[in-house]
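Note sheet for the following structure.
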Amino acid sequence: MSGTPGTTFGGRRAVPPNNSNAAENEPPTVELQSLVPRGFNPQDYLNVTSVHLFKERWDTNKIDHHTDKYDSDKLIVRRGQSFYIQIDFNRPYDPRRDLFRVEYVIGRYPQENKGTYVPVPVVSELQRGKWGAKVVTREDRSVRLSIQSSPKCIVGKFRMYVAVWTPYGIIRTSRNPETDTYILFNPWCEEDAVYLDDDKEREEYVLNDIGVIFYGDFNNIKSRSWSYGQFEDGILDACLYMMDRAQMDLSGRGNPIKVSRVGSAMVNSKDDEGVLVGSWDNIYAYGVPPSAWTGSIDILLEYQSSKNPVRYGQCWVFAGVFNTFLRCLGIPARVVTNYFSAHDNDANLQMDIFLEEDGNVNSKLTKDSVWNYHCWNEAWMTRPDLPVGFGGWQAVDSTPQENSDGMYRCGPASVQAIKHGHVCFQFDAPFVYAEVNSDLVYITAKKDGTHVVEAVDTTHIGKLIVTKQIGGDGMKDITDTYKFQEGQTEERLALETALMYGVKKPLNTEGVIKPKSDVVMDFEVENVVLGKDFKVNITFQNNSPNSHAISAYLSGNITFYTGVSKEEFKKETFDVTLEPFSIKKEEVLVRAGEYMGHLLEQASLQFFVTARVDKTGDILAKQKSTVLTIPKVNIKVRGPKIVGSDMVVTVEFTNPLKETLQNVWIHLDGPGVIKPKRKLFREIQPNSTVQWEEVSRPWVSGHRKLIASMTSDSLRHVYGELDLQIQRQPSM
């Protein structure tokens, strides 16, 4: 016997999957349970004439539940907390002879034991942690109820009904979209798994709709604002659609562990037609370059409307969109940036940089990569599936890097577990541990097939881990939440714990680490302004009583921020003679024309300097990257900065280069101030300025921000922003 399409068999009976919030199945308006006498008329009994949900922004329901910022005319509440509704009947309600209850239903196949059908009884007193409805006032034909949801209930959009008992069965209200109720996670409720006890942290990690994402290089940290826009019209539905698209069972949508894991898979499109297509090859035909996005709103709305993945994203875009998803549903979340982030392809907890015998990097053997930086997210929740102490911040990463349980996703991994080396706990802790704690190993691959370890750098990876500070746009160093300081007893113990769980494998080399060389080499790259010449200064120090002749090689490469090289734009060899106990400096000039024609998405230059000490045969190797200083977009406003009043936003950009910029797109965004917009300028001549004006009518008061980006065929990652203080509309 064949089952119906899409049906799964649960042993004794077929249970259709209930994995769509949008799918509906109308319950009957009349359920008669016995023989009905002739002349029975449902209208003779207590009947519901209307239901009021108090769902305006200024109503106590939305203010008490911290949902008044959502641009929605529906009731949005947080679980585990009471809210008010009013039911009007056809006659006065008499509790001695009238019996009714409120019902909440989600999905197409609701079941009480799955939490998808919730009958809410009218009780004398509400009990913490349980669904219940209490009559708070009775007036004429109206009853006002205080309804409390369970702090573990499913998160999503529920349909609401009122069921009235008669001697012959149930009379139920018909489907009314006006009474649909969204229930979200509740960081203000102690019984909720996402409870966060600090009000300033809740304000930042749940309610702040504008963030700051850090990028660039450890020695040249840059930041850009990002519009999360979790309260904008349509975003909540788009986030629920993501879980529907993942075919996530509704019964699991009350668990933040499952929701964040599904979200990390769905933000990328690698294997599940998720939100964003990743691209790191600098070719963005038929899409938007990752650097052009100013926020998550356009991306999520386009995904929901087109039902197709949006092109294109890179790590900070994935992290920005994922942050919107988490905050929108009520899970406290933040974007973190790890400078010198390891992508360990072979899971041996070391980055193997293979060198030729002449000191050049062997790109065929070198499979691991060190990203200048990498962005992921942290979500706050309890972890009842782990031992006590591993709740709190969990690392979740939606950038598609490695496969986890058959899908491209990562986490949630307990940050506390990573710090202490307890990488045996799910999910994906070894991969995150490697990102922040790998060793950088330089290995010479000799022509006879043997490998010799030249140097091991235990401090390069995970140099600095940061996030936005609470209540400001500054940077907060959270490195110590992921790792102990190098050399501390605790750091050694954490490493030994990770070793015990089999994360780190022995060095895959046939040689031993060489003794220290007589000569020490280092180099610095001058601050690089886009379109200008600059110098690389190399220093050699001879610590021995012998003179040394040195053959050195500098290689300049255009690299993706992921550490993967695109092409070499500069190579120079030079010889240095060092007297005993001396220091000598060499300068290499890099001209603008050598790198300008090859720039990538993030204008990152990487330099390798390798040198051979002729007498001893020692190889000295160093690599450093630098991010170019690029121009900014200017934003100005004129007119009253008042809710409901028109003001003019002006965006300006001046081309500082000696070449004409082609296909210039300028994006403008500002949650609560202006809907995302973009404008195309076919070309901008050298030293020319373009100007774009838009009329805006703010609808949210308080501190707001306008964000702009500029992208073109040859220049990208150009940003600008403007802080605004929007005043409330004056009362008449």
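Just so you know, glycine gets a Cβ as well, placed from its N, Cα and C.
What TrEMBL lists as active site is Cys315, His374, Asp397. Per TrEMBL, Ca(2+) binding site is recorded for Asn437, Asp439, Glu486, Glu491. Under the heading compositional bias 'Low complexity', TrEMBL lists 16-28. The domain 'Transglutaminase-like' annotation in TrEMBL covers 307-400. The region 'Disordered' feature in TrEMBL is assigned to 1-29.
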Would you mind sorting out which of His374, Asp397, Asn437, Asp439 (the recorded positions) have a C-alpha within 10 A of the one on Cys315 (active site)?
His374, Asp397
Near His374 (active site), how many other Cβ atoms are within 10 Å of its Cβ?
28
To the nearest whole angstrom, what is the C-alpha distance linking Glu491 (Ca(2+) binding site) and His374 (active site)?
23
Among the recorded positions listed here, Asp397, Asp439, Glu486, Glu491, which has the most company in the form of other Cβ atoms within 10 Å of its Cβ?
Asp397
Determine which residues of the same chain, besides Asn437, Asp439, Glu486, Glu491, have their CB within 8 A of the center of the CB atoms at the recorded Ca(2+) site, and list them by sequence.
Thr458, Thr459, Ile461, Gly462, Lys483, Leu495
Per-region confidence, the domain 'Transglutaminase-like' (307-400) (mean pLDDT, whole number):
90
Taking 10 A as the limit, how many CB atoms besides its own sit near the CB of Asn437 (Ca(2+) binding site)?
26
Please work out the number of neighbouring Cβ atoms within 10 Å of the Cβ of Cys315 (active site), leaving out its own Cβ.
28
